[in-house]
Amino acid sequence: MNQNNDFKCHIWFTEYHNNNVALSVRVKDILYREKSGFQEIEIIDTYDFGKALILDNTFQTTERDEFIYHELISHIPLFTHPNPRNVLVIGGGDGGTVREVVKHKSVETVDFVELDEKVIEACKKYMPKLSCEIDNEKVNLIITDGIKYVAETEKKYDVIIVDCPDPVGPAKGLFEKEFYKNVFKCLNDDGIMVQQSESPLYNLDLIQNICRYLKDAGFKIIMPYTYPMPTYPSGFWSFTLASKKYNPLEVDEARIKEALKDMETKYYDEEVHKGIFLAAPKFLKDAVKKALE
């Protein structure tokens, strides 16, 4: 936490993106702070973004903008697949992704693999808007390393969602060749995976490497998509979808529209589903094309 010398009653949290760029938010209260066996965990209450989960001094999610991230990482792959029943979620200890996944009536089981149980405990206590479905009867919580899990499990999934932090520390292996090969192995023959893939402005080389590794793993369709994320570096973020069979641009929009009558969303709808791919910026499309040549 950084104290503002001019206004001593004001507390600010600052995340430094690099030596020249930072994001600061004014803090109402520090609700939770603990160092687990893996990372430093903080939950703060902010004036403009509500409660925020911070891991190792890095924003993970805030109440104000989390719906953008969690809806897009979940509903894009789950509606691209015509009948997703068995889903694996790796990471996302705040519970926001699981909350969105269980909204799908076709989903029967959600294996939720999280490395740090302390994150789940903190979010269940202080961020119930996100963690509200972790105890859903469809959800099977597994406390282990996601890298190890996909390497060892014999289970097969229709959709795998990798809700991972930045590629540093224990999470670095979630962006390496061997991990993608194991994810491919864990998917059914028509399976789909999606992964958090950083900022196209700051991390274009990383996105290209992800695309290469996914191609080498055997995926036929590889498509990054972008979206605004105010509390992430640059405010411009991405996911990368990889599919063995189904193309997200070929979904039945009427099916999505009908399903959404019984599903509350704030950002995602049938038009966003296709538009988010069609509106991909040229520099990103060019970079992906080059990576896949």
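Cβ coordinates come from backbone N, Cα and C, glycine included.
Same-site candidate for S-methyl-5'-thioadenosine binding, as annotated by Swiss-Prot with Glu114, Asp145, Gly146, Pro170, chosen from Gln39, Gln60: Gln39. Together with His70, Asp163, Cys164, Pro165, Asp166, the spermidine site in Swiss-Prot holds one more listed residue from Asp45, Asp94, Asp135, which is Asp94.
Here the binding-site residues are Gly146, Pro165, Pro170, and the one ringed by the most other CB atoms within 10 angstroms is Gly146. Geometry remark: His70 (spermidine binding site) versus Pro170 (S-methyl-5'-thioadenosine binding site), CA distance 22 Å. Gly146 (S-methyl-5'-thioadenosine binding site) and Asp166 (spermidine binding site) have their C-alpha atoms 14 Å apart, to the nearest angstrom. A simple Cβ count within 10 Å picks out one of the binding-site residues Asp94, Glu114, Asp145, Asp166 as the most packed, and that one is Asp94. Using Cα positions, the member of the binding-site residues Gln39, Glu114, Asp145, Pro170 nearest to Asp163 (active site, proton acceptor) is identified as Glu114.
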